[in-house]
Ligand SMILES: [Mg+2]
Ligand SMILES: [Zn+2]
């Protein structure tokens, strides 16, 4: 299959409101503009894939089943709005984990690019024409190491760009900029 652009997105603080170690479904709240932006990407058949560090698992705050349940819940909300996320990759590890089996130096915890690489492989993404968006430096460092178009949600610096990333105010703004590159839409 021909390689294509995909959208890689951090979860907390990017798609949904950032709650440290989110552990209740009732705390899931999509940020403004996210539902409509995902719907737009869906209509263009551009896969939208979540890549999220969830060290709360390693720290014993919640289990992997809760992470998966959260992702189903997110897609349940999106479905009612005629939208969907195509995939979810999460890293449950942490070097100083309290839960033994997650205490590893893995290759998937951002800023390392393991989850992004896996997502690109599964969805036949071309790194150079795909985008990574997140609200942490680790997100854009991971995207940068693979040569993705990089967007860093950092409202106080929106509009600025450097070698690492284009600063934007929101996921919606990142998607708008990404799609305004018409080569992606051929
Ligand atoms: Mg984040
Ligand atoms: Zn990991």
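Yeah, the Cβs are placed from backbone N, Cα and C, and that goes for glycine too.
For the Mg(2+) site that TrEMBL gives as 10, 12, the extra residue drawn from 135, 162, 163, 181 is 135. Annotated Zn(2+) site 91, 93, 106, 108; additional same-chain residues within 8 Å of its Cβ mean position, judged by their own Cβ, are 53, 92, 104, 107, 109, 112, 114, 115. Taking a Cβ cut-off of under 6 Å from any atom of ligand 2, the recorded positions 12, 52, 93, 108, 135 reduce to 93, 108.
Comparing residue 135 (Mg(2+) binding site) with residue 10 (active site, nucleophile), their Cα atoms are 7 Å apart once rounded.
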